[in-house]
Structure formats: structure tokens, C-alpha cells
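First the structure, in the form of C-alpha cells, and then the observations on it.
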Amino acid sequence: MTQHDRLLVIDFGSQVTQLIARRLRELNVYCEIHPFNKVDDAFLAAFQPKAVIFSGGPASVYTTGAPMPPKGVFDLGVPILGICYGQQVMMHCLGGHVEGGHGTAEFGRAFVTPTPDKLPLLDGWFAAGDEQVWMSHGDHVSKIAPGFQVYGTSPNAPFAITADPARHFYAVQFHPEVHHTPKGAKLYENFVRLAGFTGDWTMGAYREEAIAKIRAQVGSEKVVCGLSGGVDSSVAAVLIHEAIGDQLTCVFVDHGLLRLGEAEQVVSMFRDTYNIPLIHADESALFLGALEGVSDPEVKRKTIGRLFIQVFEKHAKSIGGAKFLAQGTLYPDVIESVSFSGGPSVTIKSHHNVGGLPEKMGMKLVEPLRELFKDEVRALGRELGLPASFIGRHPFPGPGLAIRCPGEITTEKLDILRRADAVYIDQIRKHGLYDEIWQAFAAILPMKTVGVMGDGRTYDYALALRAVTSVDGMTADYYPFTHGFLGETATRIINEVKGVNRVFYDCTSKPPGTIELE
Ligand code: XMP
């Protein structure tokens, strides 16, 4: 999207760098995050940023090998905003001084007091006195660089807000990107206004450009798209179809582990509403056969992943010579984050996707959502006219109900689970809670319990209900349903779904739990 004004975020490894990009995108500003060690002067010349932001980070500028920006960034003549470590690195590079220790660390809420001088970056700040900000620093600036002035102080950060207004260099010790800095969004708004951004990053514009880009990339070749029924692959498919029409074929693999009515919904939406050529590959017998007797979660995931690729490849071949594979990859998946710990992280679960497929099949990738965050994909979906109920759907994992059925999978258990899950989701919708919850589902537990119904003894399955709030699925908290809601839901499930006589609610957050049971 070279025609947009571009802002470059240089990442020094902060946990919250992605939030900077979120705040900027909300202002209709196009930005990209790149790790400090990948940004050199040649990169800057090619990228041509209209402004630059230095993120926070865990390092100390005075240690050897500390992460630094390229020298040339200060000669670009564009506004720069340094945040936390970004402030310290800016002072360090421009002739100031940074120190650690001496009890000057600050973590959490702090209040910044203004100095008498006015700074346009702070328009809208300090109207009602000191402003609350969120600090997280061990080191602090002890001497500001020549040309800089102080515009705000906090008890442990005498240089909480500093700037050299002539050069448009701004540096703050706190994190304006987090919600605990209530006026943080205003600070970003002021910064991009001062940098001359026009807010030209809109979904309408993105749609037009993405379509042109897909046409240029694909030409008259065929594209195949694996459709899961989730928001990302659906939006990608509709967008690509708008660009190249029937050169696109979608393959929807039904592994027999979908929710009640799900396959019908997906097929009717794509084939009937959108007229997109769709192969509905009903491969449930293959998948369920391979999963017979399998109870280990990782073996389940790997079996499903392997079969998915095999089936997808078979059907993709059947459409004859597709050169491109479309995927709903999002921006958070492609941001290369800076790791200071080094080494691979522990595998908690092997999330199933079509990794490795393009190389194996000798195909090129079409990924029209690579620059978007999840909520932007939803906005694009709305722009493309996808139904609101579809766009707001909770995420559903690739291995489907297999990982909501801990232990061995049987068709009996899947059938009970499908019906119970439908009642649970119906309850959530009826109570108007669906959009407040990030993800909700039922899981069938690998145990039977004794109950009494009417005058008889029952010996039936127990269910766990799960509902979480989350921003990105990386961490999550359980949803605090009222006891009334839980009681009513348990009663409905037991009355309406034969084979269940007990219902539990899962109150585990992530960590220590995970969202799915397996
Ligand atoms: P966990 O259980 O790891 O889940 O806390 C985090 C989010 O990822 C989804 N999930 C998956 N999605 N393939 C997917 O496409 C998978 O194998 C998979 N496993 C978990 C899960 O539903 C939640 O949204």
C-alpha cells in the first residue's frame, strides 16, 4: 500500500508494541512494526516513513550491545516519538544520559504534572489537573539531550514528557498505548496530526487497493482457498472472489467435527448467497475413522492436521492447475517480534493450520489480510456486506469438536456435544451476552456420573461449559455469568439433551488453563 502515508514503529521488544499499532490504525493511519535489528538506513530510505515511533523494551541503553535505532533516523527530518525505552534510547543517541537503580523504578499507575510551557503534542491534556499514566521502567533519563525541554514530570520520572518541538522529537517515559493511560489515544492523535497524516487508511480504500493487488498478482491463473467457516478465511474468500470471480474455488473440508448445522450454514452462504464455486468435501468418515481409539491430545491434533492437508491437496488438484493458494493470514501472525530470551518457546499445543502446504504443492500464496488486525478484518467483512451475525462469530479451532471431547472421540459423544453446545449458545444469545464473550462452548467430559431423573437412576455424561473474555486468545479470563444464568442453562441442557445429567462451569483463567480443554 505504498500510496498511503506510512508510519514506522521500531520495535525494541516491548510486550505492548502491538498496541501502538492498534492506536494508530484506529486513527486511520497506516503503520508497520519492524524489529530494531532489521531497520537500517537502507530500510528507512525504502520505507519512507512520514513519522517514526520507538517502542518500549526491556533492555538498558548503557549496557553493551543494547538495541539501537539506525543513526540516520534522526536525519530523516520526520517527527519521532520515543516511548519508555524509546525515550531513553533517543536521549542516549542525542547526547542525554540514562541511569538505572537508585530506587527510581516505577511500575503501574503514576500521575504526571505539567510544566508551564505548552506543547501541541499535549493538546487536550491537563484540562483537569494532573494526568494518570501507566509507567513500567527500571531505568530513567537523568539528563535530557540538548534542544529538549521538559513538559511533564512525575514523582519518579522528572522527565516524564520531553520534547524538542523545533525538530518534532517527542519522548515520554510512560506508555500512552495502554488503556491505563486514559488520555494516551489523544497523545497519538496529536502526534499524527503534527506529523501531517491525513487519516487515509480506511477499509473502503483498502478494499479497492486489495482487489487491484490480487488481480495484478494472480492474472488469469486459478486460486484455491481453504475455507474453515471462520471469519478470516471467509473474508479473504469473498474479497478474492470480488477481485477474480470464478477463477477462485473454495474447498470446505468437513471433518465431521463441526458444530450443529455448521456445514450447511457455510455451504449455503458461499454457494447460494455469494455464488462462489465451492467444493464441500465431506470427509467425516475418513477423519473419524483415523481418530478411533485415539485419546492423546497431540496425536489427535497431528492426525487431523495431516489428514486435512491430504484431503485439501486431493480436492485442490481436482480443480486442475491452481497456481495460487489463498490464506486468511493476519498481521499479528506476520509481525516478527524481538525475542530477548532466545530459543524456541515450549509447545503447549500444536495449533492446526495448513503450514507447509504451499511449498509441498508448489503454490504461491495470496494473503490479502496480511496487513490487518482481527477487528479490521471484521470491518472489511462489513464493508463487503457479510452478515453481522457471521462477522461477530466466536473463533472456532481447526480441530473442531475433537479438542472439546477430551479422551476418546465417539459419534455418540459428538452428537451429545453438538446438541448441548447449541443449547448453551442459544442461552447466551437469548441473554444478549454473545458479543461480550470472546469465545464460549461446551465440552463433553470423559466420565459418566450418577443422577436421578423422575423416579429413575441415570448414569450419563457430564459436560463442562466454558466462556472467556480475551483480546487475542493469548490470555483469557472466565466470563462471570450470574448464578441464575448458569442454573437455567444447566437445567435446559439436561432437559433438552438426552445423555447428559450433570453440568459444570469452568472458572479457570488462561494461564494457568488454556481456552480449549485439549
Ligand atoms: P488455547 O486452547 O490454546 O486456544 O488457549 C487459544 C485460541 O486458539 C484456538 N485454537 C485453535 N485454533 N487451530 C486453530 O485454528 C487449533 O489447533 C487451535 N487450538 C486452539 C482456540 O479455540 C482459542 O480461540
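One-based numbering along the chain as shown.
Each Cβ is built from the backbone N, Cα and C atoms, and glycine gets one as well.
What TrEMBL annotates here:
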type	residues	note
ACT_SITE	Cys84	active site, nucleophile
ACT_SITE	His175	active site
ACT_SITE	Glu177	active site
BINDING	Ser228, Gly229, Gly230, Val231, Asp232, Ser233, Ser234	ATP binding site
DOMAIN	201-393	domain 'GMPS ATP-PPase'
Please name which of the recorded positions listed here, Cys84, Ser228, Gly229, Asp232, is nearest in space to His175 (active site), Cα against Cα.
-> Cys84
Take the Cβ of Ser233 (ATP binding site) and count every other Cβ within 10 Å, whichever protein chain it belongs to.
-> 20
The correct three-state DSSP answer for Asp232 (ATP binding site) is helix
State the three-class DSSP label for Cys84 (active site, nucleophile), counting H, G and I as helix, E and B as strand, and everything else as coil.
-> coil
CB contacts for Asp232 (ATP binding site) [other CB atoms within 10 A, all chains] = 20
If the ATP site is taken as the center of the Cβ atoms of Ser228, Gly229, Gly230, Val231, Asp232, Ser233, Ser234, which further residues of that chain fall within 8 Å of it by their Cβ?
-> Leu227, Val235, Ala236, Gly328
To the nearest whole angstrom, what is the C-alpha distance linking Cys84 (active site, nucleophile) and Glu177 (active site)?
-> 11
Cα distance, Glu177 (active site) to Asp232 (ATP binding site), nearest Å?
-> 26
Listed recorded positions (Cys84, Val231), ranked by Cβ neighbours within 10 Å, top entry | Cys84
Which of Gly229, Gly230, the listed binding-site residues, has fewest other Cβ atoms within 10 Å = Gly230
If you measure Glu177 (active site) to Val231 (ATP binding site) at Cα, how many Å is it?
-> 27
Model confidence over the domain 'GMPS ATP-PPase' (201-393) (mean pLDDT, whole number) | 87
Which one, from the recorded positions His175, Glu177, Ser228, Ser234, has the smallest tally of other C-beta atoms lying within 10 Å of its C-beta?
-> Ser228
